[in-house]
Amino acid sequence: MFNEEQFFKDDKLVIGDREFTSRLIVGSGKYKDFEETAKATEASGAEIITVAVRRVNITDPDKPNLLDYIDTSKVMILPNTAGCYTAEEAVLTAKLAREALGHGFVKLEVIGDQKTLYPDMVETLKAAEILVKEGFTVLPYITDDPIMAKKFEDIGCAAVMPLAAPIGSGLGLQNPYNIIFIKEAVNVPVIVDAGIGTASDAAIVMELGVDGVLMNTAIAQAKDPIKMAVAMKYAVKAGRLAYLAGRIPKKMYASASSPIEGMIGR
């Protein structure tokens, strides 16, 4: 009996010392409550959920806590340093997260501009160097610059996370060629982060051969977040499988699907 899961069984996403079956990473912000966050995460099939340490409670047991809703035996909590504008703030936030969660994985964000929420590459690189030296598994949020992506790999980051478009914009992938250049430049996983708007955006990104995609607003702010989470699960799988299958080359003119030999009048 045909089983489509055979195509994904051995196709793991490896980050640092961990393996994941799903290549979709989801965020935890912008949902109406933690219950909806948990339902959407489960529906997406994601095995990693990012959490803004400065905005989402994961430490105070006397307040609503995301950890009460997420099964951490199935889903890894990936803390991020969202809201940090300097390397020093990001390093401190990462250390607090490691103490709270008991692991050193961190999605590193150091924002340089409030309007675009573009990352400050100088401060991000500075923070990454410190965190790598202190034993963290660092996944930096970066611009779609292949030169900078290589620098982050060279200092020991476990993955790079270039943006598709500004955070929360829903614009979809704006510069596919730079993402391809990044994928060619580095040997660590490339996880496209930010700017996804709908399922087709996720599929297009994955068709480029990147290792994963991270999204939050596209699911959390959809009219029906649970349905969109399911759509994204299948979009990421479809894009990955299409990449592995190999698309046909683009041609200027038509190419008939059926042979003309034996046709009447031929």
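Each residue, glycine too, has its Cβ placed from N, Cα and C.
What Swiss-Prot says about this protein:
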- K107: active site, schiff-base intermediate with DXP (ACT_SITE)
- G168, A194, G195, N216, T217: 1-deoxy-D-xylulose 5-phosphate binding site (BINDING)
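On the structure: features taken from Swiss-Prot.
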| residue | record | CB count, 10 Å |
| --- | --- | --- |
| K107 | active site, schiff-base intermediate with DXP | 27 |
| G168 | 1-deoxy-D-xylulose 5-phosphate binding site | 19 |
| A194 | 1-deoxy-D-xylulose 5-phosphate binding site | 26 |
| G195 | 1-deoxy-D-xylulose 5-phosphate binding site | 22 |
| N216 | 1-deoxy-D-xylulose 5-phosphate binding site | 24 |
| T217 | 1-deoxy-D-xylulose 5-phosphate binding site | 18 |
G168, A194, G195, T217 screened against K107 (active site, schiff-base intermediate with DXP), Cα within 10 Å - retained binding-site residues: none
For the 1-deoxy-D-xylulose 5-phosphate site built from G168, A194, G195, N216, T217, further residues of that chain with CB within 8 A of the site's CB center: G27, A165, P166, I167, S169, G170, I196, M215, A218
Local backbone state of G168 (1-deoxy-D-xylulose 5-phosphate binding site), from DSSP in three classes: coil
